[in-house]
Amino acid sequence: MPYILSIDQGTTSSRAIVFDANGHACGQAQKEFRQYFPEDGWVEHDAMEIWNDTLAMCQQALRNARVEAQQLVAIGITNQRETTVLWDRETGDPLARAIVWQDRRTASTCEALRDQGHENQVRSKTGLLLDPYFSATKLAWLLDNVPNARQRAEAGELAFGTIDSWLLWQLTRGKVHATDATNASRTLLFNIHEQCWDEELLTLFNVPASVLPDVRDSAADFGTTCPELLGAAVPVTGIAGDQQAALVGQACFAPGMVKSTYGTGCFMVMNTGEAVESHNRLLTTVGYRLNGKTTYALEGSIFVAGAAIQWLRDGLHLIRDARETEALARRVGSAGGVYLVPAFTGLGAPWWDPHARGALMGLTRDTGIAEVVTAGLEAVCYQSRDLLDAMAADCGTRPTTLRVDGGMVVNNWLSQTLSDVLGVCVDRPVVTETTALGAAYLAGLGVGLYASLESIAEQWRCERGFSPALAEPERQKRYQGWRDAVARVCQTSRGAN
C-alpha cells in the first residue's frame with residue numbers, strides 16, 4: 001500500500017498525517033507552539049521552532065502509523081499563508097521571528113499606499129486588497145528594520161518565503177527555494193493573471209527579486225527530502241496554502257462549489273473557475289494550478305474564529321476546554337442578544353478595518369458564562385453569513401450547500417447554528433481535517449497516484465448534513481443585531497483614528 005505524508009503547518013500547531021491511497025488517515029501527530037505578541041497588533045512565530053516541531057511530528061506520525069519512510073511515495077505540504085520568513089541562504093537561519101498573517105504592524109504603510117492611489121493597481125494584478133494581512137508589507141518591514149537586511153537581500157544573501165517555502169528549504173537542506181501558485185498569490189507581489197512575480201509590484205513595495213522563490217504548480221516536483229531527516233529520500237510533490245488545500249480536500253472542483261474551514265480563523269472559498277472580480281471586498285485568488293492551468297476562487301477571510309474560543313479559555317478563563325462550548329450553548333440555546341465582535345486584530349472580509357478592536361455588546365445582569373461563550377460561537381456563524389452574502393452578490397447566485405471542515409465543526413451545535421444563520425445546508429465530511437487531505441491529494445497527483453480530480457472527487461463522503469431549522473424572521477432579526485454590533489465597532493475605530 002502506498003502512503004503519503006501530509007505536513008499541515010498551521011497558525012497555532014504543526015501537524016503531520018500519514019494517508020493511504022484511499023484518503024484514510026493511518027497515523028498523525030500534532031504539537032502546539034508558542035505565539036509571540038511583542039506589541040499591540042503584532043503577532044510573531046519562531047520559524048526555527050516551527051521547523052523543528054514539524055520534523056518531529058513527521059517522525060512521530062510515521063511511528064504512529066507504523067509506516068517506514070521507504071513506504072512513502074510522496075510528501076504534501078500545506079501551510080498558514082502570508083506568514084513571512086526571511087532567512088540566510090548560507091546558514092538557513094531566520095534573520096528574525098516570522099511575521100504572522102494576523103500581524104497588523106504595517107497598517108499605516110498600507111494606508112499610505114491607498115492614499116497614494118495604488119489600491120486599484122494592486123487589486124487588478126493580485127486580486128487582493130492593500131492590507132497588512134498579506135506578505136509584501138511584512139517583508140518590506142523586515143528588510144527595513146532588521147539590521148543590514150536590505151543590503152544583504154540586494155546582494156543575494158537572503159531568501160524570503162511563506163511557511164511552505166521555509167519548510168521546503170529545510171527539508172531539502174537548502175537545495176530548493178520554491179513555492180506554489182496558491183501561496184504566491186497571497187503575497188501582493190504575484191500577478192495572478194500572468195502567473196508571475198510582478199516587477200511593478202516589486203518596485204512599489206521595494207522588494208528585490210533576488211529574495212523570491214520559484215513559483216510552481218500546486219502538484220509538481222519540489223525536490224526530495226534529505227535522507228537522514230525521515231530515513232529515506234522522499235519526493236515533495238504537492239504544495240498549497242491551507243485554504244486552497246482544503247478546497248481540494250473538499251473536492252470543490254466545479255464552479256459554484258463552496259467550502260469553509262473553521263480553525264484559528266475562518267476562511268470561505270468558492271471555486272469560480274475563471275477569475276471573478278469582487279465588488280464586495282472579497283479576494284480573487286488562485287484556487288489551485290495544475291498542469292499549468294489556473295483555477296480561480298473567491299475568498300472571504302475572517303481573522304478570528306477558533307481564536308475567540310481560545311481567548312475565552314486562556315484570556316478570560318471562562319472554560320477549561322473548547323469541548324465545553326457545545327454543552328454550554330445547548331444549555332441556553334442562544335446568546336440571548338449578546339454579541340461578541342472578535343476584532344482582536346482588526347476585521348477581515350468584507351469589512352477590512354485594521355483598526356477595529358473587539359467588543360462584547362448586549363450584556364445584562366442575567367448574562368452569564370454560557371451566554372458569552374455562545375456569543376463566541378455565534379460570531380463565527382454571523383461572520384460566515386457576511387461572507388456567503390458577499391459571494392452570492394458577486395456571482396449572482398446563492399449556493400445551496402456549504403461544505404465545512406476544520407477542528408470547530410465537530411461541534412454539532414455550531415454546525416446546526418451555522419446552517420440556521422446562513423439559511424443553507426451544511427455538509428460535514430467524514431474527514432474533517434481536509435486541509436491535510438488536500439495536500440495529500442495534490443502530492444498524489446504530482447506523483448501519479450491519482451489520475452485526475454474526478455478520481456479524487458469520488459472519495460468524498462458526507463458524515464452528517466445539517467439543514468436550516470430557524471424561522472426566516474428570527475434568522476434576519478439575529479443577523480441584523482450582528483450587523484448593528486459590527487457597525488458600532490467600525491464607528492468606534494473611525495473615531496479613534
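Heads up, the Cβ atoms here are built off N, Cα and C, so glycines get one too.
In sequence order, Y262, G263, G306, T432, E433 make up the list of same-chain residues 6 or more apart from G407 (ATP binding site) whose Cβ falls under 8 Å from its Cβ. DSSP gives G407 (ATP binding site) a helix state. Here Swiss-Prot flags T11, T12, S13, T264, G306, Q310, G407 as ATP binding site.
Under DSSP, R81 (sn-glycerol 3-phosphate binding site) is assigned to coil, being neither helix nor strand in the three-state scheme. R81 (sn-glycerol 3-phosphate binding site) is surrounded by 27 other CB atoms, counting those within 10 A of its CB over all protein chains shown. Under the heading sn-glycerol 3-phosphate binding site, Swiss-Prot lists T11, R81, E82, Y133, D242.
Feature annotation from Swiss-Prot assigns ADP binding site to T11, R15, T264, G306, G407, N411; the stated evidence is sequence analysis. Neighbour list (R15 (ADP binding site), Cβ cut-off 8 Å, at least 6 residues apart, same chain): I7, D8, Q9, Q28, A29, Q30, K31, M57, A436. Following the DSSP three-state reduction, the secondary structure of R15 (ADP binding site) is strand.
Feature annotation from Swiss-Prot assigns glycerol binding site to R81, E82, Y133, D242, Q243; the stated evidence is sequence analysis. Counting every protein chain shown, the number of other Cβ atoms lying within 10 Å of the Cβ of E82 (sn-glycerol 3-phosphate binding site) is 26.
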Name the residues of the same chain, 6+ apart in sequence, whose Cβ is under 8 Å from the Cβ of Q310 (ATP binding site)?
T12, T264, A322
Per-residue Cβ crowding (10 Å cut-off), top of binding-site residues S13, Q243:
Q243
What is the total of other Cβ atoms whose distance to the Cβ of N411 (ADP binding site) is within 10 Å?
20
Look at the binding-site residues T11, T12, T264 and tell me which residue has the greatest number of other C-beta atoms within 10 angstroms of its C-beta.
T264
Please report how many Å separate the Cα atom of Y133 (sn-glycerol 3-phosphate binding site) from that of Q243 (glycerol binding site), as a whole number.
15
